[in-house]
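> The structure that follows is given in the form of C-alpha cells.
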Amino acid sequence: MAQNQQPIFQTKPPEQFVQIPINIERDSSTTRMNQTGNTIRKPNHWPTITISIIFVIIGQSIAKLLENFYYDKTNRSEYNENRQNDGVWTQSLLQTVGFPLLLLPFLIFITKNKRNHHQQPPITSDSIHLKSLAVIYICIGIIMSVQGRLAAMGKLEIPFGVFTLIYTAQLFFTPIFAAFINKIKFNRWVVISVILAIITGALTLSSSFGGEPDEAEENYARGSWAALFAGICFALLLCNIQNVFDSYIFKRTESTNQKPSFASVFEVIIFSSLVATIISVVGLLIAGEQHDLKREMNGFSKGKGSYVMAMVGQAVSWQVYWVGIVGLVYSVSSVLSNVISVITWPIVSVLVVIFFNFMDDEFDAFKGVALVTAVLSAAAYFFRLHKDNRMAY
C-alpha cells in the first residue's frame, strides 16, 4: 500500500514546482501591461521601436505630401458640388492596396525564424485558432476601409484645420478603448504623453490641404461627423490590433516557449489589408470612381506619368506607415502607436509648407509649438518605458 502511494507523492512536488514560476512570470508581465500597455514583450526592444517610429514618420510624410500633390494637380476647384467627394474610395484603397509588397519580407522573416530558431510560422495550424483570427482580421479590415473613407471624405467637406481638431479626438478614444479592450491602466507619464499629443494635434490647425473645400462647398455637419468617426475608427483599429497580439499571437508563441516574431506584424497587416482592399474596390466600383480615375489621369496638370507615380507612391508609403504603426503596437502598445502617429503631424505640416504654397501657408508659431509638444510627448512616454526596462532587469 505504501509502495502504491509513493509514486503519487513524488509526482506532486514537480507539478507545483513547474506551475509556480509560470504563474509568477504571467503576473509580472500583467503588472507591466497595467503600467505601459506592454504585455509579455519584455524588455522593450529599442531598435524595433526606433525603426517603427522612423517608418511612421517617413511613410506618413511621403503619403501626405503625395496626397496633397494629387489633390493640388487634379484641378478640384473646377469640380461642382456633385463631384466634391470624387476619389474618397480611391484614397481609402490606396491606404491598403500595397499590401502585396509585404509578402516578401513576411516570407523572409518566417524562413529566417524557422532556420535560426526553429520557430513555427506565425500562422498556426489550429483550426479553432485560425477561425478566430480570420474573424478578427475581417473586422479589422472593415474598420480600416471605413476609417480611410471617412477620413478622406471629412477632409473634402470641412476646412483642414477643423478636420484636424476633430480628428485629434482619436487620442481621447484610444485610452478608453485600451482600458476596456486591452485592460491597460495608465500612469502619470503615459497620461502626460497623451495630453501633450492632443495639444500637438490641435496645434496643427493652421496647416493647409490640397483638397480643402471652398467656402461654398463646405458641409460642416457631414464633414465633422466623418472626421469624428474616422478618429474613433482609428482608435478602435489600434486597440483591436493589440488584442490580436495579446490574446492570440503572443499566447500562441508563449505556449510553445518561443519568442514573438516581427513576422506577426506583417501577418496582421497583410490579412487585414486584403479584406480592406476588397471592400474599397467594391465601394469604388459601386460609386463609379473607376471612371473618375481615367478622367483625373487625363486632366492631371503634371501629366499621366506623374499621376501614376503619385498614386503608386501613396500606396507604397502607406504600407511603410502601417509597418511602423503596427510595429509600435507589437513592440509597446496601441496608445504609444497612436501618440507617435499624431505627433508626426507637425512634421508633415512643415513639409507641406516647404513643398507647396496653399493659401500662403507658412511656418507659424502654432507649428513651432506643435513640434516642441511633440518632442515632449514622446519624451514622457519613452521615460516611462526606460523605467520599465530598468525594473525588468
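Using N, Cα and C of the backbone, Cβ positions are placed for all residues, glycine too.
According to Swiss-Prot, the record shows the following:
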- Ala2: N-acetylalanine (MOD_RES)
- 46-66: transmembrane segment (TRANSMEM)
- 90-110: transmembrane segment (TRANSMEM)
- 133-153: transmembrane segment (TRANSMEM)
- 161-181: transmembrane segment (TRANSMEM)
- 189-209: transmembrane segment (TRANSMEM)
- 225-245: transmembrane segment (TRANSMEM)
- 268-288: transmembrane segment (TRANSMEM)
- 308-328: transmembrane segment (TRANSMEM)
- 339-359: transmembrane segment (TRANSMEM)
- 363-383: transmembrane segment (TRANSMEM)
> Give residue numbers and ranges for long-range contacts of the transmembrane segment (46-66): same chain, 6 or more residues beyond its ends, CB-CB under 8 A.
262, 310, 313-314, 317-325, 327-328, 330-332, 340-341, 344, 347-348, 351-352, 355, 385
> Please work out whether the transmembrane segment (363-383) lies in contact with the transmembrane segment (189-209), by counting C-beta pairs under 8 angstroms that are 6 or more apart in sequence and asking whether there are at least 3.
yes
> Taking the transmembrane segment (225-245) as the first stretch and the transmembrane segment (90-110) as the second, find out whether 3 or more Cβ pairs fall under 8 Å, excluding pairs closer than 6 in sequence.
no
> When you check the transmembrane segment (161-181) against the transmembrane segment (339-359), do you get at least 3 Cβ pairs under 8 Å, counting only pairs 6 or more apart in sequence?
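These two segments touch.
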> Near the transmembrane segment (308-328), which residues from the same chain, at least 6 beyond its ends, have a CB less than 8 A from one of its CBs?
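For the transmembrane segment (308-328), the far contacts come to 48-49, 51-60, 62-63, 66-67, 69-70, 73, 94-99, 101-102, 238, 241, 262, 265-266, 268-269, 273, 297, 336-337, 340-341.
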> Which one of these stretches, 90-110, 189-209, 339-359, has the most C-beta pairs shorter than 8 Å to the transmembrane segment (268-288)?
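Between the candidates 90-110, 189-209, 339-359, the best contact partner of the transmembrane segment (268-288) is 90-110.
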